[in-house]
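Peer 1: Input: one structure, supplied below.
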Amino acid sequence: MDHLPIFCQLRDRDCLIVGGGDVAERKARLLLEAGARLTVNALTFIPQFTVWANEGMLTLVKGPFDETLLDSCWLAIAATDDDTVNQRVSDAAESRRIFCNVVDAPKAASFIMPSIIDRSPLMVAVSSGGTSPVLARLLREKLESLLPQHLGQVARYAGQLRARVKKQFATMGERRRFWEKFFVNDRLAQSLANADEKAVNATTERLFSEPLDHRGEVVLVGAGPGDAGLLTLKGLQQIQQADIVVYDRLVSDDIMNLVRRDADRVFVGKRAGYHCVPQEEINQILLREAQKGKRVVRLKGGDPFIFGRGGEELETLCHAGIPFSVVPGITAASGCSAYSGIPLTHRDYAQSVRLVTGHLKTGGELDWENLAAEKQTLVFYMGLNQAATIQEKLIAFGMQADMPVALVENGTSVKQRVVHGVLTQLGELAQQVESPALIIVGRVVGLRDKLNWFSNY
């Protein structure tokens, strides 16, 4: 380990920055946020420094570097564009045993500045030891996406409860189990983010009153249409907190690779070599695992409330009194149309869009008369096997035979394939496509040649 990561308490302590440009301004902003009593020494200053000085936030000393300014300092930063001056600052700080950072010259510095993820009072620092600042920045950006913005509020509230937790729970094991339950409670986190004091208090009292081995919960998460980059941040957070993930075949391998490594995985989909797990059995798996006290994620392709049978699964949990929540996902209609260059609505061609299941209950019938109406876009889910029937019915109820159609196979993924034609060809086109696939019918399909972008990548 080349550097010891430490967090410095600088509130009301003297610090010095030498330099008055943009780089110095960025460093000054960090020190001011930390509450430092800041002096800035430079020949010239960008306007922001004058603003801060006029507001009494820092002191400006105009002129060449004055090393006596270091005499009362705890920490210094050299941020000029003159290497000679920066080295003088470093040497003067070293002689006084004051830690000094030299911007873009880690070998001349006694400390380096990390990339920071600020969820105060929770702080995360990332450093490459000065060898690769860009890598440190990329890691910081990834961590920023993983850590909820309200995490700091949760940490601050936890600090307020420490004495009560210590008093109520006698052993370290009990306290640990309580805090694990506390920090994964989405209702509490959301209530804190919304400043809903009544809900915060109610959830807190429930956490303290529940036995530590209480039943778990189920989170219904939409995985999106395929591209792992379309998984929501909240969805990513949930699958990385799960004890067990129950998933179907529409969830891509790229997304499953993001699941917490030691989480159990239960496949309940239908694909070659596997039998389809009946819906009732899936419901019982969710119920059984939650009753063991586990955090269960039910991971579904697309959005769980759009032809995902999510409502049926939650009804079972609701009846059993199991806590649950839902994280929406980008539905296949949105993802596949966007990645195919087909806008679902358009001022000239479609004022509405209909999402339709092509997989009906026995004896079921769609409202073909309204589906055949003009100025709308139809998106059929699970419609490949019924493509010929869809073609026949729409034409029979008055839709023009030359209406553009498109079938999107493996939408949003690197395997995406789009075939298109007109309505009279729909049944034939469906023979060229494999599931999972989506059928889009409407004049907007004609814009594909102009708006297609994904196939160019």
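Every residue, even glycine, has its Cβ placed from backbone N, Cα and C.
Annotations for this protein, taken from Swiss-Prot, read as follows:
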{"type": "ACT_SITE", "residues": "D248", "note": "active site, proton acceptor"}
{"type": "ACT_SITE", "residues": "K270", "note": "active site, proton donor"}
{"type": "BINDING", "residues": "D22, V23, L43, T44", "note": "NAD(+) binding site"}
{"type": "BINDING", "residues": "P225, G301, G302, D303, I306, T331, A332, M382, G411", "note": "S-adenosyl-L-methionine binding site"}
{"type": "REGION", "residues": "1-204", "note": "region 'Precorrin-2 dehydrogenase /sirohydrochlorin ferrochelatase'"}
{"type": "REGION", "residues": "216-457", "note": "region 'Uroporphyrinogen-III C-methyltransferase'"}
Peer 1: For G411 (S-adenosyl-L-methionine binding site), which residues in the same chain are close in space, meaning a Cβ under 8 Å from its Cβ, but six or more apart along the sequence?
Peer 2: P225, G226, A332, G335, C336, Y339, S340, P436, A437, L438
Peer 1: Hey, does DSSP put V23 (NAD(+) binding site) in a helix, a strand, or just coil?
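Peer 2: DSSP call for V23 (NAD(+) binding site): helix.
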Peer 1: Among P225, G301, G302, D303, I306, T331, A332, M382, G411, which the record lists as binding S-adenosyl-L-methionine, how far apart in Å are the two most distant Cα atoms?
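Peer 2: The two farthest binding residues have Cα atoms 16 Å apart.
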Peer 1: About how far apart, in whole Å, are the alpha carbons (Cα) of V23 (NAD(+) binding site) and G302 (S-adenosyl-L-methionine binding site)?
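Peer 2: That separation, Cα to Cα, works out to 44 Å.
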Peer 1: For the recorded NAD(+) site, enumerate neighbouring residues of the same chain (Cβ within 8 Å of the Cβ centroid of D22, V23, L43, T44, site residues themselves excluded), in sequence order.
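Peer 2: So the extra residues in range turn out to be G19, G20, G21, A24, E25, A42, F45, I46, A79, T80, D81.
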Peer 1: Within 10 Å of each Cβ, count the other Cβ atoms and name the one among the binding-site residues V23, L43, I306, A332 with the highest count.
Peer 2: A332
Peer 1: Should any of the recorded positions D22, L43, D248 have a Cα within 10 Å of the Cα of G302 (S-adenosyl-L-methionine binding site), which are they?
Peer 2: none
Peer 1: Under 8 Å between C-beta atoms and at least six apart in sequence, can you list the same-chain neighbours of D248 (active site, proton acceptor), or say none if there are none?
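Peer 2: Those within reach of D248 (active site, proton acceptor), by Cβ under 8 Å and sequence separation of 6 or more, are F267, V268, G269, L299, K300, G301.
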